[in-house]
Amino acid sequence: MPDLGRALVARTMAKTVAAMWLATALAAAPAFAADTKPATTIVIDNFSFSPAQLSVASGSTVTWENHDDMPHTIVNDATPREFKSAPIDSGEHFSQTFSKPGTYKYFCSIHPHMTGTIVVK
């Protein structure tokens, strides 16, 4: 009987420790989630940006993914320029984090008819 009692105590303690660890991990999860900003993707395909206009929260990162067979660029049309990519080849991407609220218009310098707007709130 003493061995059965020790086994029962050990099993109960193991369950208690596991429950405490799980509760701590779950309590910390919202803190980690609150520190991350949403990532948003704009697809470049058929010589256009989709979506052409995008609204994001301040601190968000926007990623442009080139699905076209041709290279493209992402160039802010403000003076001075706040962002400008090198040519983005097919299958590659460019990311920009927007930390200030405002409206950011951009275009492809290789194909200037390609335009888009990011609205940061």
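Including glycine, each Cβ sits where the backbone N, Cα and C put it.
Here the structure is a predicted model, which means the values were calculated and not measured.
When TrEMBL records Cys108, His111 as binding Cu cation, the matching candidate from His72, His93 it lists for that site is His72. The most densely surrounded of the binding-site residues His72, His111 is His72 (count of other Cβ atoms within 10 A of its Cβ). Secondary structure of the domain 'Blue (type 1) copper' (41-121) per DSSP (helix as H, G, I; strand as E, B; remaining residues coil): 0 helix, 42 strand, 39 coil. Confidence in the domain 'Blue (type 1) copper' (41-121), given as mean pLDDT, stands at 96.
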